[in-house]
Amino acid sequence: MSDTASFRDTLEVFENPAPTRNFTIEHHCPEFTSVCPKTGQPDYGTIVFTYVPDRVCVELKSLKMYLQKFRNEGIFYEQVTNRILDDFVAVVQPRKVTVESKWTPRGGLNSNIIVTYPDEA
């Protein structure tokens, strides 16, 4: 697995234009690709970010470049979804965020992984 810091360094932010207001931003990234660590076959999915920014918002080109770094990574659905959330929280520091990965069916099964910050436990 590649170095977490080098992935996080790809993400850029800009100042929240309305930091005193709670508002929701939703980004859909329908061309996500990673590699199944068991089979070596590509996995395709959509990553959806739904977040309430605090001081900053994520810059979209950097988000696209960040997600493209996973293209050749052998990583399970659950692991990549949690890693994306952890990296997003570390850089953007949102008030709250949900990351959902929606995977293209494989072998007659499809998977959706949903992770949130802060934890809703």
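Backbone N, Cα and C define each Cβ position, glycine as well.
Model, not experiment: these values are computed from the prediction.
Some features that Swiss-Prot has for this protein:
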type	residues	note
ACT_SITE	Cys36	active site, thioimide intermediate
ACT_SITE	Asp43	active site, proton donor
BINDING	Val58, Glu59, Leu60, Tyr77, Glu78	substrate binding site
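Features as recorded by Swiss-Prot, highlighted on the structure.
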residue	record	DSSP (3 states)
Cys36	active site, thioimide intermediate	coil
Asp43	active site, proton donor	strand
Val58	substrate binding site	strand
Tyr77	substrate binding site	helix
Could you state the whole-number distance in Å separating the C-alpha atoms of Glu78 (substrate binding site) and the residue listed as 'active site, thioimide intermediate'?
11
Fill in the CA-CA distance, the residue listed as 'active site, thioimide intermediate' to Asp43 (active site, proton donor), as an integer in Å.
6
For the recorded positions listed here, Asp43, Glu59, Glu78, which shows the highest count of neighbouring CB atoms within 10 A?
Asp43
For Asp43 (active site, proton donor), the one of Val58, Glu59, Leu60, Tyr77 that lies nearest, given that the binding-site residues are compared by Cα:
Tyr77
Other Cβ atoms within 10 Å is the metric here; tell me which of the binding-site residues Val58, Leu60 scores highest.
Val58
State, in Å as a whole number, the widest CA to CA span among the substrate-binding residues Val58, Glu59, Leu60, Tyr77, Glu78 given in the record.
25
Note down the number of other Cβ atoms within 10 Å of the Cβ of Tyr77 (substrate binding site), including every protein chain shown.
17
